[in-house]
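S.K.: Copying in the features that Swiss-Prot gives for the protein in this structure:
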- Gly114, Ile134, Gly135, Asp136, Tyr137, Ile138, Leu139: S-adenosyl-L-methionine binding site (BINDING)
Amino acid sequence: MVFNVNILTIFPEMFPGTLGYSVIGKALNKGIWNLNVIDIRSFATDKHKTVDDKPYGGGPGMIMKADVIGSAIDNVLSTNKETKLIYMSPSGVKLNQDISGQLAHFSNITILCGRFEGIDRRVLDFYDFYEISIGDYILSGGEVASMVLIETCVRLIPGVVSNVDSIRDESFTASYGLEYSQYTRPASWRGLEVPSVLVSGNHKKINLWKTQQSYRITKQRRPELTNTADGDIYE
């Protein structure tokens, strides 16, 4: 199954951007996933291609117009009725690995990228958008946030990351949340040594060290991700 992504934006030239590089870009070139970028402005009907207007009730900034965005969405739905509609928003549910895993199983998703002060709320309510946030901070638009979401989904698709163990052992995928510390050659650098267990050749001890490291790092930095009932085993 090919993972199809539709992007609704007023800045289509921003794509594929970072999605055109590394394993994500290679997967795009191989057809493992497809990217369809749609310019919202092309659905504006006035000569100036206006996509925004002043907010009712007053307030700073401009709001993206429901009629223009609605026409763009209708165009997508005319050929992809089952697409999952997503809006990148600081008010949305916070993105995590579980959400990415769920979305990666869809054959078609459509991401709406807002700009200015946001979009007319009626659009989100009428089409029942799933709102997603990538963190508690504000960006100038949804394009960069959509790239984050897409990458987290695409790399979970079989065939994108060649080493399956890489995904299994990563932060938020491994049993205890955050990934253990990683090292490579040289074994000694500026007086700092690689942990001796990692060069011991004893795979049982190495695996235990990785589990302990993962748990300790998670407990220190993201304690809400740890299972306190099992904690003593890994101290």
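Cβ coordinates are placed from backbone N, Cα and C, and glycine is handled just like the others.
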S.K.: Starting from the Cβ of Asp136 (S-adenosyl-L-methionine binding site), draw a 10 Å sphere and report how many other Cβ atoms land inside it.
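M.R.: Here the count is 7.
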S.K.: Count the Cβ atoms, other than its own, that fall within 10 Å of the Cβ of Ile134 (S-adenosyl-L-methionine binding site), considering every protein chain shown.
M.R.: 20
S.K.: Need one number for the S-adenosyl-L-methionine-binding residues Gly114, Ile134, Gly135, Asp136, Tyr137, Ile138, Leu139: the maximum pairwise CA distance in Å, whole number please.
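M.R.: Taking every pair among Gly114, Ile134, Gly135, Asp136, Tyr137, Ile138, Leu139, the longest Cα gap is 16 Å.
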S.K.: Applying a 10 Å Cβ distance cut-off over all chains shown, what neighbour count does Leu139 (S-adenosyl-L-methionine binding site) have?
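M.R.: A count of 14.
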S.K.: With Cβ-Cβ distance below 8 Å and at least 6 positions apart along the chain, what are the contacts of Ile138 (S-adenosyl-L-methionine binding site)? List them in sequence order.
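M.R.: For Ile138 (S-adenosyl-L-methionine binding site), the qualifying residues are Pro90.
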S.K.: Name, in the order they occur in the sequence, the residues of the same chain whose CB lies under 8 A from the CB of Gly114 (S-adenosyl-L-methionine binding site) and which sit 6 or more residues away.
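M.R.: In sequence order, the residues whose Cβ lies under 8 Å from that of Gly114 (S-adenosyl-L-methionine binding site) (at least 6 apart) are Met64, Tyr87, Met88, Ser89, Gly141, Gly142.
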